[in-house]
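So the structure is just underneath, and the comments pick up after that.
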There are 2 protein chains.
Amino acid sequence: MRRWNGWGDDSFNLEMPDQGQAFLAGRVGAGHPLQDATLESVCAQVPASRLSVPAELAPLIDTAAETRVRHARGQSLADWLAMRSGDFGVFPDGVAQPQNSDDVQSLLTWAAAEKIHVIPYGGGTSVAGHINPEDRGRPILTIALGQMNRLLDLDPESQIATFGAGTPGPLVESQLRAHGFTLGHFPQSFELSTVGGWVASRSSGQQSLRYGRIEQLFAGGRIETLQGTLEIPTFPASSAGPDVREMILGSEGRIGVITEVKVRVTPLPEKERFHVVFFPDWDSARTASRKLVQNRIPLSMLRLSNAVETETQLALAGHPTLIGLLERFLSARGAGDGKCMMTFGVTGSSRQCRHALQEARAVCKSHRGVYTGTRLGDKWAAKRFTMPYLREALWQMGYAVDTLETATDWDNVDNLLGRIEANLLDGLAERQERTHVFTHLSHFYGQGCSVYTTYVFRVAESYEETLDRWRTLKESTSRVIAHNGGTISHQHGVGKDHAPYLPVEKGELGMLAIRSLCNAFDPGALLNPGTLIDTETGTRGRTK
Amino acid sequence: MRRWNGWGDDSFNLEMPDQGQAFLAGRVGAGHPLQDATLESVCAQVPASRLSVPAELAPLIDTAAETRVRHARGQSLADWLAMRSGDFGVFPDGVAQPQNSDDVQSLLTWAAAEKIHVIPYGGGTSVAGHINPEDRGRPILTIALGQMNRLLDLDPESQIATFGAGTPGPLVESQLRAHGFTLGHFPQSFELSTVGGWVASRSSGQQSLRYGRIEQLFAGGRIETLQGTLEIPTFPASSAGPDVREMILGSEGRIGVITEVKVRVTPLPEKERFHVVFFPDWDSARTASRKLVQNRIPLSMLRLSNAVETETQLALAGHPTLIGLLERFLSARGAGDGKCMMTFGVTGSSRQCRHALQEARAVCKSHRGVYTGTRLGDKWAAKRFTMPYLREALWQMGYAVDTLETATDWDNVDNLLGRIEANLLDGLAERQERTHVFTHLSHFYGQGCSVYTTYVFRVAESYEETLDRWRTLKESTSRVIAHNGGTISHQHGVGKDHAPYLPVEKGELGMLAIRSLCNAFDPGALLNPGTLIDTETGTRGRTK
């Protein structure tokens, strides 16, 4: 069953090898776990619902305490701390589970009449506070789209599939696979996140290099708004004015509720493998990765770990004897201390894979890369969606882990990466606490790449102090990103946590554009208030 | 010198071979040219300017009659008829030639205070009425950006170039070539159209298969608006809310004046060749082209002529002996009557070109394509930007030529193409006039492609009747496109000519979104009124 207070299915646990625990203790000190609240104790706190549900909508809306608890928070570290402490703050007043677009339109009509605030909910995997209710003095209805999880139509000639917006990753892929197709959108949240959520938050998958970001995959669909139904027809491309698709992408529930999503799909590839190359230092590694993408070598995935991430991954991998052999092999070929690990995917016909691998290896070799085959790549592929479970394993050991991500142009990658890591490394120094910080580049573009940083710190003696540690790190590093040429998010979206930094990126007139759009569809600000646009003063998007 | 009443430079003429004239006469009857008006007679009609230019702006603004004539019309067939007849209707009251963004902001500030209507003008190559002034009872200032034509910055690592928005195609490429780069954006209007115009109208170039549409190339820039300066920073990608770039793309002057454009550039390719394959029939040809793009074969350009276009191109090519030999060669290999010509480009490193050609030939062969090498492809490449001159040659012979373009999903290509051609073929039947109609597919996507149809008809005995013939064909076919799953434009934009059909495509709520954006930046509708959004009743976007 899905965990009510953490990531994923409670039957799955990621084991942390002993040497992993020792490695972390050496970096940030020994951990001491905090006590978790029970589901019962949290349910007991849930206040009476403020909704007066009319009879015709009653079958759609659940106001039971447990349902409201299970839809109150996403997966940010702040959400995690709220769920573990039991200190949720605000709960939705009810959770609607519509069966179709018409149900959603009925719910919106009712919400508009009653001035109920509405939060669209896909897989509940937001790490930026998108789906968290806030107390604004009005009842709050969460609309959870999980019942709308079917492949509704497939046009195999135009390669367009239509899905209910609540379809999660595995159901997207399994329903397509039955017809010989794939969407190819694999965010780390794949197991739970939904196609509607991907559109609403401008998601990007691990193989965006081949399949594109959700912007390239989203072909059209249906959005229920307070002004009626917005249908976006599919065209392969158009010069007919500003693109309405692009206004829905990243709208985070402020314009309407996405109910049907048409996506561009691809026949299942003949072949797919993931290869690993080690580089002697960061400079060669970064340059090689830039060359791979700027030379348009048709890889399907590319990820480059910096030296600390490489070291950490090898330390947490288990199998110390094998890893020791690997390190001796690499060291003999020039990739010793400071080495950086690159993983790349080749996908397509056998011929395409052969050509792509040939070209990629040539580029890597010319930058002193040591090719190690597909063994480590296969490991990455096998574990590609299990990383979020690591938080659970670390939590049990008394550590908190979070990630920060951005994207920037190539000429700014080292500057921004350096500032982010320095800020996180130093962020708890005043409290005499250390952090462990490492980074990888992923989602490569001719112009630049995303920068994805992970940081680990010890939980404090109380939840309050732990949350405060997190907030100190998150907020100061978000400022570093926003003021040093990074986007406030490359793939997680804005939500409530990033909303205060959005105006730095968009500028006053960019915000005018976005606000005018939201206002046109939702003049009363009933839809997901506080998300995307930081409408209230001082709340900073947190529920407490 | 640039022609004041037609396309391009008046020192260049495209010769029409004798057999071409005979071919057309056989299809639509003998042509009888109309008399052209003189520049002097048109200048004599220009009324006094209604602008009272303040002293500080006087150096920027030209109110001379000839300048106003030269900026009054674009290159649609209706514009052509207006220029040839001398019956212009409305002229701008003055033409500003700013040197930089600050000049543009000063002009806008003045325009706002005086309620002057403003038309941004790039290369004046619109074929949809974008830059035509309309009489709305207010003075009209055209802001021509031709002085802002320089490469302002180049970041070779991030591969971002910054241009003045008025830089035309040849100056974009020559300034980049000096640094070893190319933009790779080659619309047919390349000789005159500008980088700012490409962004404003969502242009697409002939090699979009490699380089992308302008949507993929436009990384950010500067837009002067009535609310101040909008700066769009460059990021390789972002999930931080709706993308402001995408609101400027296709905004057609309604949000502001684009003054600086940052574009994603590419190192000059090592190699580039264009190859030609003939297919025995349309079905095999269309299927092969779809497979080429759906199989992700990295071509840089792809174009597929239907049987009538193939026949017409061979008839107008000259060299009847050589063409006769070619046709016997093809016929012996199964590509006789009804054959369809495909041109494709391969661009990149030698290795990439070799691989792409290998893969492309295999796909073509499996659909009965007959490969003929690069000779005809080289011819296409040599003449790729001269097609607009054909209108001049045909005009001298008494024929009018125009094109219509759209894009649609693969499952609708034949249906839409058939309806467009049928409507054009039959469109003048009531007037006992024939048309000659042919089509190619270009700009291929996994989901579908653009459909580009050319039609030729005889000019009538008067300009009025000729314009009426055109309008009958254009309007009825635009309705066919809008109501049969086509976008009203794949690459020409909306302008005034397509504005009446935009609501069919965008729907009521899509129009609400676009209108709310324009209103936020320009509540008084001073910027390019009538373009994009058909604000007035009954004008249908024509100036007369």
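Each Cβ is built from the backbone N, Cα and C atoms, and glycine gets one as well.
The feature domain 'FAD-binding PCMH-type' is assigned by TrEMBL to B:88-268. According to TrEMBL, the FAD binding site annotation covers B:PRO120, B:TYR121, B:GLY122, B:GLY123, B:GLY124, B:THR125, B:SER126, B:GLU252, B:GLY253, B:ARG254, B:ILE255, B:GLY256, B:VAL257, B:ILE258. The site 'Important for enzyme activity' annotation in TrEMBL covers B:ARG303. Taken from TrEMBL, the feature substrate binding site covers B:ARG391. What TrEMBL records for B:TYR452 is active site, proton donor/acceptor.
If you take every residue in the domain 'FAD-binding PCMH-type' (B:88-268) and average the pLDDT, you get 98. Between the listed binding-site residues, namely B:PRO120, B:GLY122, B:GLY124, B:GLY253, the fewest other CB atoms within 10 angstroms of a CB are found at B:GLY124. In this structure the alpha carbons, written CA, of B:GLY124 (FAD binding site) and B:ARG303 (site 'Important for enzyme activity') are 26 Å apart. Here the C-alpha separation of B:ARG303 (site 'Important for enzyme activity') and B:GLY122 (FAD binding site) works out to 27 Å. Here the Cα atom of B:ILE255 (FAD binding site) is found 29 Å from that of B:TYR452 (active site, proton donor/acceptor). Separating the Cα atoms of B:PRO120 (FAD binding site) and B:TYR452 (active site, proton donor/acceptor) is a whole-number distance of 27 Å. Between the alpha carbons (Cα) of B:GLY122 (FAD binding site) and B:TYR452 (active site, proton donor/acceptor) lies a span of roughly 24 Å. In three-state terms derived from DSSP, B:ARG303 (site 'Important for enzyme activity') belongs to an extended strand segment. Checked against the residue listed as 'substrate binding site' by C-alpha proximity, the binding-site residues B:SER126, B:GLY253, B:VAL257 yield B:SER126 as the nearest.
The residue listed as 'active site, proton donor/acceptor' and B:GLY253 (FAD binding site) have their C-alpha atoms 25 Å apart, to the nearest angstrom. For B:SER126 (FAD binding site), the count of additional Cβ atoms within 10 Å of its Cβ stands at 28 [all protein chains shown]. Remark: B:VAL257 (FAD binding site) has B:VAL104, B:LEU108, B:VAL118, B:PRO120, B:ILE143, B:LEU145, B:ALA165, B:ILE223, B:GLU224, B:THR225, B:LEU527 as non-local neighbours, by Cβ distance under 8 Å and separation of at least 6 in sequence. Residues B:PRO120, B:TYR121, B:GLY122, B:GLY123, B:GLY124, B:THR125, B:SER126, B:GLU252, B:GLY253, B:ARG254, B:ILE255, B:GLY256, B:VAL257, B:ILE258, recorded as binding FAD, reach a greatest CA to CA spacing of 20 Å. The Cβ of B:TYR452 (active site, proton donor/acceptor) has 25 neighbouring Cβ atoms from other residues within 10 Å, across all protein chains displayed. Every protein chain shown contributes to the tally, and the Cβ of B:ILE255 (FAD binding site) ends up with 28 other Cβ atoms within 10 Å.
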